[in-house]
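Colleague: What Swiss-Prot records for this protein is below:
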ACT_SITE  H37  active site, proton donor
BINDING   30-37, 147-150, V176, 184-187  ATP binding site
BINDING   Q61, Q153  (R)-pantoate binding site
BINDING   Q61  beta-alanine binding site
Amino acid sequence: MKVITKVAELRRALADVRNAEKRIGFVPTMGYLHDGHLALISASREHCDVTVVSIFVNPTQFGPNEDLSRYPRDFARDEALCGSAGVSIIFAPSAEEIYPAQFESFVEPGELAKPLCGAFRPGHFRGVATVVCKLFNMVQPDVAYFGQKDFQQCAVIRRMTVDLNLPIEIVTVPTVREPDGLAMSSRNRYLCPEERDRSLAISRGLFAAAHEFASGERDAATLIALARRHLERVDRLQYLELVDPGTLRIADSPLRYPAVLCVAAYVGSTRLIDNVVLSWSPS
């Protein structure tokens, strides 16, 4: 496994891979890897010859009062996990390598970036789209892998690749959860034991709505109200919305296949997001 910090070196290493006509898979991360990231790596290794993992805490996707300075970082741990998982290349650039002096060109996403997280984190998806576009240009993968937990991010990136004619397949991998249902996230480490227990209200609310949907309930207000009852244990519910997975607009009620129930909530000072897809196979 190679650890590369410079774009020029990365391009040289991957030129040899392309010349050998090998398929390149890419997993962009901000580090502090967990089993969710390892599932993305596993998916890449299953379908690609070479897997590149980027580790870069992207400053442009954090707001002024967010957790950039305290976002968890442990490169030695990440390197060991990548080595055990069979990663071919770790790309771990500095902020100066990604955003050199006089940098001023950004990717401005459209309507998909406005609802849900976009309504509460202005500029977030601008930063996400910009860094992912830059990483795509640096790595030039055949396939890139993202987790379903970040459903809106996946939608924004998929739209960007289409709009900018990037020849990259975007694969979404199902959310990986702790045994008790909590969606895996690097930010879970912020939670004290009492907050960790209350954070289960998020997945339990989503699962309760999904169970009711599977039992035949199609009224959006009823499903949202059921999830909201569980979410009374969080400190602040930022949003709980049923949306169309293609447009991220509020889904029509009664629900039509499919819809996504999305939530963002604070437990203590930690902001957590999660979602569940509500769908069925037409008979």
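Note that Cβ sites are derived from N, Cα and C of the backbone, with glycine treated the same way.
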Colleague: What is the one among the binding-site residues Q148, Q153 whose Cβ has the most other Cβ atoms less than or equal to 10 Å away?
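Modeller: Its Cβ has the most other Cβ atoms within 10 Å: Q153.
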Colleague: Using Q61 ((R)-pantoate binding site) as the reference point, find which of the recorded positions M30, G36, H37, Q148, V176 has the shortest Cα-to-Cα distance to it.
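Modeller: It is M30, whose Cα lies nearest.
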Colleague: Relative to the Cα of H37 (active site, proton donor), which of the binding-site residues Q148, Q153, V176 have a Cα no more than 10 Å away?
Modeller: V176
Colleague: Give me the CA-CA distance between M30 (ATP binding site) and Q153 ((R)-pantoate binding site), in Å, as a whole number.
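Modeller: That separation, Cα to Cα, works out to 14 Å.
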Colleague: How far is it from Q153 ((R)-pantoate binding site) to G36 (ATP binding site), counting Cα to Cα, in Å?
Modeller: 15
Colleague: Who sits close to G36 (ATP binding site): which same-chain residues at least 6 apart have their Cβ under 8 Å from its Cβ?
Modeller: G147, K149, T175, V176, A183, M184, S185
Colleague: Per DSSP, to which secondary structure element type does V176 (ATP binding site) belong, with helix, strand and coil as the options?
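Modeller: The residue in question, V176 (ATP binding site), is coil (DSSP, three-state).
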